[in-house]
Structure formats: C-alpha cells, structure tokens
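Copied over from Swiss-Prot:
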- Asp71, Asp73, Asp75: Mg(2+) binding site (BINDING)
- Cys72, Cys88, Cys95: Zn(2+) binding site (BINDING)
Amino acid sequence: MKPNFSKGLLPAVVIEEDTKEVLMLAYMNEEAYEKTIETKRTWFYSRSRRSLWNKGETSGNVQHVQSLYLDCDQDSIVVVVKQVGPACHTGEKTCFHYKII
C-alpha cells in the first residue's frame, strides 16, 4: 500500500519510538517519502522554501526511521523514529512544548 499524493502534500506526524511522544509535524511529497524509505532518515517538503529538506542535515539532530504507518485514507503518515538530539529547531525535545490546557 502506498500513500495517495494525488492531492499534493501529505502531513507526516513524527513520533519517538521509545516514548511514543509526538516530536513534530511536517509535510511530505512523493519524493520526500521515497527518500525517507531509501535513506531511513526523514525527508520533508518545505512549503515556504518549496524544496526538500533532510531533518538534522544542518543541526545534526537526525531522525533514524524505524517504521512508517499510513492511515486508512492513504493521505497521512506516521513516522516512528529514534531521535538524535532535540527535534525542534528551538532546541526543545519536541515541537509540541506549549501546553494549552
């Protein structure tokens, strides 16, 4: 089974394998998805820069892909990783560090 990229970018929720903590949300196009499978590292599509980016390529905070899950509609992805360093560009462990309720 493969993701359905016919409507464009798909959301990719990245979680830590050991803790199941949500680390970040990013978007994948088909090329990012294929590179993620090929390299076992996360690749995403930047909507602002309109280009691919490899998580941790600059910072060293890489994500080693352990598994990928596809939802029932084939239009969103869960990426299970072993995170090296913080996932957020702010230096926080997760991008979801602002508690609302």
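Positions of Cβ are set from backbone N, Cα and C atoms, glycine also.
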Mg(2+) site shell beyond Asp71, Asp73, Asp75, criterion: Cβ within 8 Å of Cβ centroid: Asn4, Leu10, Leu70, Cys72, Gln74, Ser76
Sparsest Cβ surroundings (other CB atoms within 10 Å) among the binding-site residues Asp71, Asp73, Asp75: Asp73
Integer Cα-Cα distance in angstrom, Cys88 (Zn(2+) binding site) to Asp73 (Mg(2+) binding site): 28
Same chain, 6+ residues apart, C-beta under 8 Å of the C-beta of Cys72 (Zn(2+) binding site), given in sequence order: none
Other CB atoms within 10 A, centred on Cys88 (Zn(2+) binding site): 15
Nearest-integer angstrom distance between the alpha carbons (Cα) of Asp75 (Mg(2+) binding site) and Cys95 (Zn(2+) binding site): 22
Rounded inter-Cα distance in Å - Asp71 (Mg(2+) binding site), Cys95 (Zn(2+) binding site): 22
C-beta crowding around Cys95 (Zn(2+) binding site), within 10 angstroms: 17
Integer Cα-Cα distance in angstrom, Cys95 (Zn(2+) binding site) to Asp73 (Mg(2+) binding site): 26
